[in-house]
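Visitor: The structure under discussion is supplied below as structure tokens; questions concerning it will follow.
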Amino acid sequence: MKNKLILLLSILPIILSEKHNPRRVEALPNSAFTDDEIRKGGLILYIIGIAYVFLCIREICSQYFIPSIDHVVEKYKIKPEVAGATMLALGGSAPEIFIMFFATFLAGGEIGHSTILGSGAINGMLLIGICGLSASANLELQWWLVVRDSIFNLIFLALLIVFTANSHVSWWEGFILLICYLFYAIFMYYNQLIERNFKKYLNLPYDGDDIDYHPLPERSFPIRRYSVTELVNYIPPQLNFKKGVLAKMIRNSQLQVVKGHSERLMELRARLKNVIYIILQAIEEKKRCLKQNRLERGVIQKFNGEYVKENNNQEEIISRIRKLESLRTQEPNPIQLVEVLPRSSRLKHYFLLPVILLLRITVPNVRKCPSLWLLSMLSSLIWIGFYSFLVVWWVMDLGRALSIPDGILGIIILAAGVSIPDIVNTLMKTLEGSGEMALSGCLGSNIINFSVGIGLPWFLHGAITGNNLVIKREIFFTEIVLISTLGASYIFIGGFKWKLSKNLGVVMIFYYLVFLLLFLLLEFNQI
């Protein structure tokens, strides 16, 4: 392995050689710069432009697209588990799906396929490693959740390997992936029933049965008790929580309070939760607040920081809630919003201000106009598609000018770009103690990408053009490497007794680096 690594490092300059950059099938517009101009200075502009577009995609998804999906979930009373595994997960994976779509029809498909595989490696190994390293203590994981999602991940990857083994795919193979995803959605609909029966068969306790809630002290103000499903509906969708996962986390957290802690700790946790519930309810009921996502985060973060520092009585809690709620009674413009934003978010807000203003004009805000949810969803998709097209176009220009193979563009550059927001969210969730939520989000994203993200473009390409899509052998071998490293990493999660720890984090990051090394060796025909 040492000799292979030395050989790889010695041939990296060959990236700049045209003979190692396979001819692409392109139908993209001409670049505004020549290849020589890109190499001599335009490279910086391309990097800034690509990074800006990724931020724009994130803004559209979090502020408009996912809230419109959430409105559909609430309107039609879709089960939280199903919503989290299907519609909300699709909303989070929309950029990868669009990139795969444009790459399939305009750039030969390799760069899109590589992006999905690279994103899968980041979600399945790197993000879990970050969770482990950033956790302040070992976090218990629900083995059923990990085993279930890991098995589905490996099944979809195995299907991809079978379909790409002969170097071309047909429309019916994409259709099979979509049908398999439908089976996954049905499985999630009956997830609790299947889990209960499976654990009953193995004589294992089922955590979902007979959840007991400790009564809270008498209060002078009314507090409504929410079931898990009702509570999840009060979590603002733009906070990027998967509803199905959140329901599971809330249920497990409440169960641990009852079964494993002292009476004092139970009372404190229950009081804190109920206070936060009130804030979330007030946030949800306000329909005319601009940029609700930013305000909600600022309000909740400020409240949590003050609550943790002091031991407040009921009167102080009520006073602070009213004070914080007053921040939301105004209708500030996007520039005034920075006053209630965390300092780290202000620069990004100003940076994206042109896009924010453009979206306010062209995309209906479903929080203010719920009846326009369909128009909001469609216009959001148009903008996501437009920016995804720009990403594919500019990255292809960059790769052509620097003679970087499409596989590297997808697995390293595009995959990292679409995953950076997930890395940040994963780190935040882990620091908050929600390691299981972060882990499930990582595995769930892979299921969507491997099935719909690849299957839908395959199906549409075959149905529209009537031709098979050519898949390069490097993709096939990369899938084999990915399923091998993912499978080994999942085994290690069980080997660490379903605990998210720093040692597990080191192992997962090691496997991700092994995947990258093997991929580069494959890309340059060294193995």
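The backbone N, Cα and C atoms fix where each Cβ goes, glycine too.
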Visitor: Ranges 267-284, 447-464: which does TrEMBL label transmembrane segment?
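Guide: In TrEMBL, the transmembrane segment feature sits at 447-464.
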Visitor: Tell me whether the transmembrane segment (82-105) sits in contact with the transmembrane segment (447-464), defined here as at least 3 Cβ pairs under 8 Å among residues 6 or more apart in sequence.
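Guide: They are in contact.
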Visitor: Cβ under 8 Å, sequence separation of at least 6 from the ends of the transmembrane segment (145-165): give me the contacting residues as numbers and ranges.
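Guide: 120, 124, 173, 176-177, 180, 184, 191, 248, 436, 439-440, 443-444, 446-447, 450-451, 454, 471, 475-476, 479-480, 482-483, 486-487, 490, 493-494, 498.
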Visitor: Between the stretches 43-61, 447-464, 504-522, which wins on the count of C-beta pairs under 8 angstroms to the transmembrane segment (372-396)?
Guide: 43-61
Visitor: With Cβ-Cβ distances below 8 Å as the criterion, list the same-chain residues six or more beyond the ends of the transmembrane segment (476-498) that contact it, or say none.
Guide: 114, 117, 120-121, 124-125, 128, 140-143, 146-147, 150, 153-154, 157-158, 160-161, 164-165, 167, 407, 411, 504, 507-508, 511-512, 514-515, 518-519, 522
Visitor: Within the same chain, where does the transmembrane segment (408-427) have neighbours whose Cβ lies under 8 angstroms from its own Cβ atoms, ignoring anything closer than 6 residues to its ends? I mean 6 or more beyond.
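Guide: Distant Cβ neighbours of the transmembrane segment (408-427) are 15, 50-51, 54, 57-58, 95-96, 99, 103, 110-119, 121-123, 126-127, 130-131, 134, 240, 391, 395-396, 398-399, 438, 441-442, 445, 478, 516, 519-520, 523.
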